[in-house]
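Enquirer: Handing you this structure, nothing more for now.
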Amino acid sequence: MSGGDIDPTAINSPKFRLIAVQCLFALTAFATMAGQNKNLAGPDAMTLEECGPYGCGYHKFAVFQFLVVICVTYWLFTMLWMGMYLIQKVPPAGTEFMIYAVFNVLILIAFSTSWTECNETIVDPTYPVCKRATGAKASIAFAMFTWLALCVSMMFTWKEWRDQNYEGLPIFGDFSSFMPGGGGGGMGGGGGYERPSDVNTQTYA
């Protein structure tokens, strides 16, 4: 790839910067959980006894493993997405919104189930699973921050898609006439899938 293929102005886009923030949040979320190799009081009394006096690691908990997998996957996605912004190869706004929506649901499930597990009590009613597990608690917090930032990205992308009359979702074509505020040509109405050249730097009030 030559230097001329890269658009340096992409980093000025609020959407690009939001993705960069999410990249750091997701990296921190999975790294702190992956480093939690002891001090978890669970997932059950038998397993805790096997782990010994220092407690269990995150790998003994299915929900914590799920959190790590989702955050690693989203971190890799954000790295790829930032690269696509820089080379101006981002998919249509409709496609981008749907991808964000899928990750939004997965991250919400990951951090909410992990938070619930973290507050479970196995041995003592006053001693939750994550009482001494600062890494796990930090991981869940950063997963939540990732989700909140992703919600903002979805809002920006939704507004962008709305401004394009909901065109550009490859699976359905142009279905703007079925969406609020749309006035396009229906399911096969000839809407294009190319995004305007100024989308990467567009801001919204």
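Placement of Cβ uses the backbone N, Cα and C atoms for every residue, glycine included.
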Enquirer: Under the annotation given by Swiss-Prot, are Asp163 and Ala34 positioned on the same side of the membrane?
Expert: no
Enquirer: If we skip the immediate neighbours and take only residues 6+ beyond the ends of the transmembrane segment (138-158), which ones have a Cβ under 8 Å from one of its Cβ atoms?
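Expert: Sequence-distant neighbours of the transmembrane segment (138-158): 14-15, 18-19, 21-22, 25-26, 28-30, 32-33, 36, 64, 67, 70-71, 74, 93, 96-97, 100-101, 103-104, 107-108, 110-111, 114-115, 118, 204.
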